[in-house]
Amino acid sequence: QFFVFCHGLLQLSQLLVSGYLKSSISTIERRYGLSSQTSGLLASFNEVGNTLLIVFISYFGSRVHRPRFIGCGAILVSLAGFLMSLPHFITGPYEYDQSIASMLSNTTDLCEPGVPRSQRNLSDAGCTPHAARENHEVLLVMFVAQALLGIGGVPIQPFGISYIDDFANERNSPLYLGILFSVTVIGPGVAFMLGSAMLRFYVDIDKVTGDGVQLTNKDPRWVGAWWLGFLVAASLVAVSAVPYFFFPREMPKEQIKRINRYGDFPLVLLRNLRHPVYLLVVLAQVNLSAMVAGLATFMAKFLERQFSLTASLANMIIGAVNIPGAMVGIVVGGAILKRFQMSLRQCSAMCVLGMFLCLLVAFPLLFLGCPTQKVAGVTYSESSEFGHHALECNLQCNCPEKAYNPICGSNGIEYISPCSAGCGGVNINADNNSVLNYTNCSCISENGLVGFAKPGTCGTGCSHLVLPFVVLSCLAGILASTSHTPSFMLILRSIQPEDKSFAVGIQFMLLRVLAWMPGPVLYGSAIDTTCILWEKKCDRKAACRYYDNNLFRQRYLGLQFFFEVGAF
């Protein structure tokens with residue numbers, strides 16, 4: 001029982017490390033200028049180390065000191081977690097364009113007609129060879145950390161499960177494994193909640209004093225303390241690893257089960273892959289897993305962009321609503337199976353029904369959303385309304401091209417920076433040095449008067465749709481996950497008993513290779529195609545500033561719908 005407790009704790013903290021990355025992915029993109037394709041590859045990279053080794057490890061499972069192997073794996077995972085946060089400590093503070101001259105820079109992004117463009121380098125200042133190299137180092141460290149995370153995680157689940165199954169009383173074994181299974185489902189939820197808590201703090205909380213931060217967490221330039229969560233999760237893993245070095249190689253228990261040897265590896269493989277039920281169920285699970293992989297990685301980012309939520313709130317919704325919903329679905333599916341003692345045909349009918357209902361509920365999601373707000377020069381050109389006056393309104397300002405400090409004009413149009421709106425003045429709140437509003441903006445005219453602007457984005461005006469969206473997506477998740485347990489039963493009952501552990505191993509490997517690895521990359525690439533304004537860093541594309549929200553929604557949720565149809 002102590003082993004089960006330790007193993008539950010270890011699995012939870014291991015999932016915290018891998019799940020936390022998904023909760024802070026939009027923040028890391030913004031901080032280090034990554035495209036969604038790159039961040040999707042990063043998120044799925046831990047599966048690479050994992051897949052390469054999992055077959056060997058399951059094969060040698062019975063010949064090694066399992067608890068010690070688990071302990072070593074856990075130490076690797078903990079190292080990986082600390083490595084993930086390293087980029088924060090080796091790079092300088094986060095820089096963004098400011099309207100208030102500070103110790104760091106004396107240039108601002110206001111309209112200053114006398115100042116030539118060459119002196120207003122703003123965010124381009126960091127474009128030295130050193131900065132470019134720094135960015136490569138950051139990516140390298142993170143990819144190495146993800147690979148280590150995958151390798152360290154290899155012995156944890158298979159060895160833990162087989163160790164418990166070998167030495168637990170046959171009557172209690174299902175209970176113990178059930179406990180562990182529920183932990184693996186709760187884990188990601190806890191990770192998103194951790195993300196929600198950490199992203200409320202400013203990223204450089206350890207480098208700058210409170211009054212040096214002029215951003216609120218609603219600002220589109222806000223970057224939360226993404227690295228803090230990795231330190232928390234990695235420390236937890238390190239603590240949970242300790243007891244494993246003190247467990248015996250074998251425990252005295254009733255009887256030890258006969259352990260499978262896979263001498264005729266290729267033969268068994270072919271026999272299972274030729275089995276139609278096994279193959280079809282695994283293919284359905286591949287579709288579902290690909291959907292979940294994309295969902296888990298980019299759902300928070302989608303909510304942030306589509307409904308103008310803070311990263312913290314988006315994570316809170318996923319951790320407190322969507323993931324518990326999926327748990328409910330899994331439990332309900334298992335309960336129905338147990339209650340009605342279903343045959344294999346009824347199991348498959350239940351899977352089909354669950355997926356069909358999921359499709360019905362998920363379809364309306366494609367239409368719940370709003371277009372991108374009007375952004376001058378990006379999604380909207382004023383020349384159509386005011387003749388050509390609007391285009392020249394900021395010519396005398398010599399605006400730096402790269403400036404990004406969105407403001408919302410009193411005319412309801414968003415501008416990329418105060419300079420591009422021709423704003424010459426700024427009012428500052430003396431207490432905390434934050435911007436109250438921008439005045440004297442030559443591009444913003446209302447009834448012939450020169451307008452003003454508020455700092456921050458105008459937002460998509462979509463907040464009224466958040467609730468229906470979350471309710472429907474949660475329902476769709478519950479319905480889809482009712483097919484989880486029956487689909488496992490289909491696999492376990494349709495193959496020969498002696499192939500069981502091997503078949504499950506092959507199933508997990510296929511899910512990894514066909515769904516968990518390519519899924520996030522596929523979703524990230526699809527999201528990138530909907531970007532309408534890229535941040536430029538040293539003449540290369542960095543993170544995306546604005547998406548075409550309608551396209552983002554259609555491609556992101558469309559891909560998800562495609563996989564749901566595939567599973568159905």
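The first residue you see is number 1, and the count goes up from there.
Just so it is clear, glycine is given a Cβ too, placed from its N, Cα and C backbone atoms.
Here is what TrEMBL records for this protein:
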type     : residues : note
DOMAIN   : 1-568    : domain 'Major facilitator superfamily (MFS) profile'
DOMAIN   : 387-442  : domain 'Kazal-like'
DOMAIN   : 426-473  : domain 'SWIM-type'
TRANSMEM : 41-62    : transmembrane segment
TRANSMEM : 69-90    : transmembrane segment
TRANSMEM : 138-163  : transmembrane segment
TRANSMEM : 175-203  : transmembrane segment
TRANSMEM : 223-247  : transmembrane segment
TRANSMEM : 277-300  : transmembrane segment
TRANSMEM : 312-337  : transmembrane segment
TRANSMEM : 349-369  : transmembrane segment
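Within its own chain, the transmembrane segment (223-247) is flanked in space by residues 2-3, 6, 9-10, 12-14, 16-17, 20, 23-24, 27-28, 30-31, 67-68, 70-71, 74-75, 77-82, 84-85, 87-89, 94, 191, 194-195, 197-203, 205, 217, 311-312, which lie at least six positions past its ends and keep a Cβ under 8 Å from the stretch. Contact count against the transmembrane segment (175-203) (Cβ pairs under 8 Å) is highest for 312-337, out of 69-90, 138-163, 277-300, 312-337, 349-369. Sorting the domain 'SWIM-type' (426-473) by DSSP state (H, G, I as helix; E, B as strand; all else coil) yields 11 helix, 24 strand, 13 coil.
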